[in-house]
């Protein structure tokens, strides 16, 4: 009895399901078992149960001997599609681990390639995936790490500071030092005025962006009527990459969220990217009581161990026309993918990416989540549309950015050495003449509710912004030529200024406290009144305007109850400053280190009503 | 088409600006000044040429924005700067209104109406040629209401935020507009009720429904509060910061609005009060309610505007807010006549409303006739109100404008200034610019350094011992209307002679309002 017959007999799949799987298998080239286990037909537990009842046990294969020469003849993509891998030749047979022992196509491949009969060892598909990616994924792995560096070294963050940048920084430090020695007072005054003025100008720019963005807050990039014109049969294959690391607690949630997506199941190409050393997540997938609707890809170990590297690796196996990334805890609006397809259909060809808004489902959990929600609301609902309107490079958000897959590959995909690869990719896309659009669809995430975890996450983001800024400012003249003066200034004041604001904020605050609260006389002797007045004015007005921007944020989403929390923005910014200094330190000492954010800390259940 | 209309508009604006500039320079050459423009001239001279705490003068002079707007023109001429600013500013007001008009109506009739107002309305000419801050008040008042009306239509945060920013600017153009916020408190509630998604249309029933459902009530309260904050947070915080600035630099929270050194209208309001309380020829003052009637006479177009908005309670309330505002001003600042600019705001408001709703009128022909008649009536009432204004300088403007003869109102101040200009460069002249700003305004730039005034640290010691710090003292005569509001008057001379009997003050120059004494040591 064949495996499909066995599964039907055991009642784990229906005859109709089997027919569907067979049809889809012949259309897509994927094996029967791959589809059955990855498209929500049967759980892994039931599959194992069925085989066990038929007297077939899964073998432990991770430590098995292998012969590299044998492995080299198998392509990883083919092995992944069939969930099978030839390991070595023993006793005149090719020892082959297979999830489905009667996959004749793969057996024929063995016979044809090695001119020998296969000796089949049945194993868990996850172990086979783990092993095959580890043993024969090297080519893809190297490509995912070094492809951008090889193809476009100027865009890679592998070098943090270019020589010219180092010279510039040291000359600047030298000039300041000389200035301080020659005239401590005047140099201090100049520094104070420049820093505080920059602070205010950067915040006024943020307010300006927020105002420009707020003008279009009711604009529907894709209307309900347009959505009705999207027909399931005409939809392309859509790849969803789900990079995870030690997210075992979130796997069940992830499946619920994915199941809610309104997109034909067979046209979804969902890839869960699990790191080689992440047995926790792998076992969580293994132990699921219900069918999974994603394909697992194990990313072999290679430094840097970053999310963009995992995504680049997953990209090699993507089959879709469009591609997006979600985090494990994300709850996208159910019609998001269809909206994106509709929008891409409307937009000119230079648009290669669509960014959805991000927001939080646990906003009322504590102070931090409230502040985070305010921040994300003004960022995604006002500032990014503002940048979009002004045609200034948009730093993409961490998830829910939807790409045209081919254009993404042509662009060099994500930079594995950049810890905010999304922001970098957004700017790179603009620099290469592409455009990014914003869509009226939201993905709800889990707001970080724990201060230290928050600081870790934020330090990575700020470090990434610094990396991105340094990468794209290696040749400012070239950047101006590519994105124009407006884009250049926008890039400087949005991407460049963000870390700088957080770095200078505590300095200005210290001046303010020393001057106003402690009435420190030495400050008065160092700075004349007009300088103190100016820096306090800049600090106060800057803070007030930023509070105002936060207040504006509540309107679009009607989070009116959060409006008073905006007043706490100066305190929230102190946490940003701590993160900024941590990020700066890491930029110098450990630029590629990925500060892992722990997810699943929220005690708030995902509200079902947010999925419309 | 749009580009050509925009260019056409730009061209019209430039022509208007030239027209206003000619009027402003012509009146200036006839010697026309008013208290406000003189005050700006004097403070600008201190900021650019003075010696002492100039930053404090710059930061605390109120109203701040009109004062600073004159800075752009000081390089041309100090005495002309306010008039140039107001001429160009009024041109910009036209551009703002006409720009809004061409975006909404592709119809030249309304442009002709607007042009008629901007060419012939005496109030607009007053705004343009006087050097007063009215042009800025009108610009930001118009923008504030424009954005409110846009918010009613679009319901986007953008317009309410811009309205809030305009309100901040408006307050810094005329602090009294801070009271406008008071009348928006009930209005915001009605706006929120309107914005709730309810089947009922009638406002009172919507309110009833909202209060009786816990979830709707919560939503209503939250949204109303959020709207209050987004609309008023910036103005209130800005005022608070400004008050703190005053507290730290002048030890008085309300220095900017209550000190004659910081703003011009403290003294003028006091004079107005004195005149009203002591005048034997009792004039009928502005009476509450009648004030609103006066506004309707001044600007009959506002009646058309109210009629156009009749279907929406909260929009009608929005239009009534300025009425409540001026009535409140009349109550709060009793014995002070309502300035002409508070009438002028209705002209721009009425035109704005007509622009917004004109397309809803079915009988356009009658509507246009009515509008044209109202504009003609406004032109007449504008003239009539200026002619019969209880404020002398309003009447004076019309008199100079119509008679085109030299204005001698400030001749006295100019004569004293001319005498001071003729004094040796090293002579120290003690004077109090709380009252004598009209004199200082005409003093040459180089001479400003010779003046010892209250913004300087050595003023007090100069007053206490003029023998050490001053060579000359400018004293207000008993006839001077403001003699009671300065320390440097006849009584000062008596008291200082008592303290320093050996000191001799020799009268060297005298006009009706001022006497210059030389301090003989």
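Every residue gets a Cβ built from N, Cα and C, even glycine.
Listed in TrEMBL for this protein:
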TRANSMEM  B:7-27  transmembrane segment
TRANSMEM  B:64-97  transmembrane segment
TRANSMEM  B:109-127  transmembrane segment
TRANSMEM  B:133-149  transmembrane segment
TRANSMEM  B:156-172  transmembrane segment
TRANSMEM  B:178-198  transmembrane segment
TRANSMEM  B:225-245  transmembrane segment
TRANSMEM  B:287-309  transmembrane segment
TRANSMEM  B:316-333  transmembrane segment
TRANSMEM  B:339-356  transmembrane segment
TRANSMEM  B:368-386  transmembrane segment
Establish whether the number of Cβ pairs under 8 Å between the transmembrane segment (B:287-309) and the transmembrane segment (B:133-149) reaches at least three, counting only pairs separated by 6 or more residues.
no
Sequence-distant residues near the transmembrane segment (B:368-386) by C-beta distance (under 8 Å, 6 or more away from its ends) are 109, 113, 116-117, 120-124, 126, 294, 297-301, 303-304, 340, 343, 347, 354, 394-395, 397-398
Examine the transmembrane segment (B:7-27) against the transmembrane segment (B:133-149) and state whether at least 3 Cβ pairs sit under 8 A, considering only residue pairs 6 or more apart.
no
Here the stretch out of B:64-97, B:109-127, B:156-172, B:178-198, B:339-356 with the most C-beta pairs under 8 Å to the transmembrane segment (B:316-333) is B:178-198
Taking the transmembrane segment (B:109-127) as reference, the highest number of CB pairs under 8 angstroms among B:64-97, B:156-172, B:178-198, B:339-356 goes to B:339-356
Out of B:64-97, B:156-172, B:178-198, B:225-245, which stretch has the largest tally of CB pairs under 8 angstroms to the transmembrane segment (B:339-356)?
B:64-97
Of B:64-97, B:178-198, B:225-245, whichever stretch has the most CB pairs under 8 A to the transmembrane segment (B:156-172)
B:225-245
Which bits of the chain, at least 6 residues beyond where the transmembrane segment (B:225-245) starts or stops, bring a Cβ under 8 A of a Cβ in it?
59-60, 64, 157, 160-161, 163-165, 167-168, 171-172, 178, 181, 184-185, 188, 191-192, 253-254, 256
